[in-house]
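What TrEMBL annotates here:
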- 81-192: domain 'Amino acid transporter transmembrane' (DOMAIN)
- 83-103: transmembrane segment (TRANSMEM)
- 109-129: transmembrane segment (TRANSMEM)
- 162-182: transmembrane segment (TRANSMEM)
- 250-521: domain 'Amino acid transporter transmembrane' (DOMAIN)
- 253-269: transmembrane segment (TRANSMEM)
- 281-302: transmembrane segment (TRANSMEM)
- 322-344: transmembrane segment (TRANSMEM)
- 356-377: transmembrane segment (TRANSMEM)
- 405-426: transmembrane segment (TRANSMEM)
- 438-463: transmembrane segment (TRANSMEM)
- 469-492: transmembrane segment (TRANSMEM)
- 504-524: transmembrane segment (TRANSMEM)
Amino acid sequence: RPFHVEPTNIVSVNDDMQRVTDEASAMNKRIHYYSRLTSPADRALIAPDHVLPAPDEIYVYSPLGTAFKVDSCTDGYGKNSSIVTIFMIWNTMMGTSILSIPWGIKQAGFTSGIILILLMGILTLYCCYRVVKSRKMIPLIDTSNWEFPDVCKYYFGSFGQWSSLLFSMVSLVGAMVVYWVLMSNFLFNTGKFIYNFFHYINVTDIVPGTNGSNKVICPSAASGHPPQNRSVMFSSGNNTGFELFEEWWNKSQTVPFYLVAVLLPLLNLKSPSFFAKFNVLGTVSVVYLVFLVTVKAARLGIHLEYNWFTENDFFVPEFRILFPQLTGVLTLAFFIHNCVITLLQNNRNQENNVRDLSVAYFLVGLTYLYVGVIIFASFPSPPLSKECIEQNFLDNFPSDDIMSFVARIFLLFQMMTVYPLLGYLARVQLLRQFFGNAYPSVFHVLVLNVAIVGAGVAMARFYPNIGGIIRYSGATCGLAFVFVYPSLIYVISLHRAGQLTWPALIIHIFIILLGLANLIAQFLL
């Protein structure tokens, strides 16, 4: 017998051929998805290397601007393990909202703040689960390469398409405005630290604070006024030079404009994919913030007093009428609904999507709880009031604090690399809808970018309150993507299948009303 083929070998060959066929089909769907995001002339999202089946490194892009590389964590065929999927979701959701969680707990009250973080996490997870299931409930249509805006268009027509675009732009532009305010803040404090260090200037701020090596300050002085930029009592250095520096290095009047010279040219690049390589700094920044919070709490101790409904000079009640301000922040803090399908479609075991999504939400909520509770509990009251907790909790540490200085450096560089990605995604979504091209001309792109940058500069100049910006944008885009669209789509699909029941209808109408009340409350409180 010159040649003999074992039956087991035939089965093995057939399995390999089927795997290659499935792999090629998945690759074609991914190429089709990326080709819909940009024009043929723009190679930024056209069939990038990570859609090919063989490589061991994958670049993950989310519509919110997070982009990071996963090295040697796949099965060799472009699929991710559950651990990698959970990490991607956690990394995408962890953003600037973490800086405002302690302030939100202060606005809601300690006990009600903890309860609201848990309830909002559960509610947004349920709505996120409905988003994941939405495209699978459409019969007789291949929806494997659909995103949630495609599902909205299917159920609501052109209204769903344009409204999803509008609310998506609200989330993107809102994030870019928050980034500009924070970058101005971090750049100001970093420059102030460097100037004082090299000129041997010892500055005592006007704002009240604690004494000792672990100083905590109250920039707003518990009076509702914006943080002061002035300082006094320098022990060495040239007085005239110091005053000149403070005149030209002002947190709201000059520093926001300095950023324009750096970031506006970067926004006009056709492809900012280079900056995606630095997004690992986002993870490093969050880990360092957790470390900073832990060290500060160990040094400051715990300062809590339970007053359920009355407040005194140093503590706030456990329940406060301002609690919707925290729910607005949390809506954006747990917001991943317009890109969760993208993140889960590369999961190796699709049957684990619900479990992996739940674990990721649990870890995100645990991170928010840890940072928020520890900062609130360790804030030194007395001598300072809990009302002094700032919308960016790093503002409660002076510019000459070494650990806070390192955190600001990390966050500044990370935001400056993510900002062009957010601008690119805003350009792709908006200009393609109106002109059919993500880069119709330099003039079109420049006008859009000037408008976005102008919004950031204006907010940093006149309304540098990141907690307020986050809660307004979060409640607005969350109304559509978190509360209304997932609930309506689920109810409509059940009705078409003849499976709609009164309890399901009442529950989802209640969810929609919660989202509407959350938005209205932001403008009333």
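Using N, Cα and C of the backbone, Cβ positions are placed for all residues, glycine too.
A TrEMBL annotation is a machine prediction, not a hand-curated record.
With respect to Cβ pairs under 8 Å, the transmembrane segment (438-463) is most closely packed against 405-426, considering the stretches 109-129, 322-344, 356-377, 405-426, 504-524. When Cβ distances are compared across the two stretches, the transmembrane segment (405-426) makes no contact with the transmembrane segment (83-103), since fewer than 3 pairs at least 6 residues apart fall below 8 angstroms. In this chain, the transmembrane segment (281-302) lies in contact with the transmembrane segment (356-377); the count of Cβ pairs under 8 Å, excluding pairs fewer than 6 apart in sequence, is at least 3. Of the candidate ranges 109-129, 281-302, 469-492, 469-492 contributes the most Cβ pairs within a distance under 8 Å of the transmembrane segment (322-344). Counting Cβ pairs closer than 8 Å to the transmembrane segment (281-302), the top stretch among 83-103, 109-129, 162-182, 253-269, 504-524 is 83-103.
Residues 101, 304, 306, 308, 316-320, 323, 326-327, 330-331, 334-337, 340, 354, 357-358, 361-362, 364-365, 368-369, 372-373, 376-377, 478, 482-483, 486-487, 511, 514 of the same chain lie 6 or more positions beyond the ends of the transmembrane segment (109-129) yet place their CB under 8 Å from a CB of it.
Residue counts of the domain 'Amino acid transporter transmembrane' (81-192) by helix, strand and coil are 97 helix, 0 strand, 15 coil (DSSP-based).
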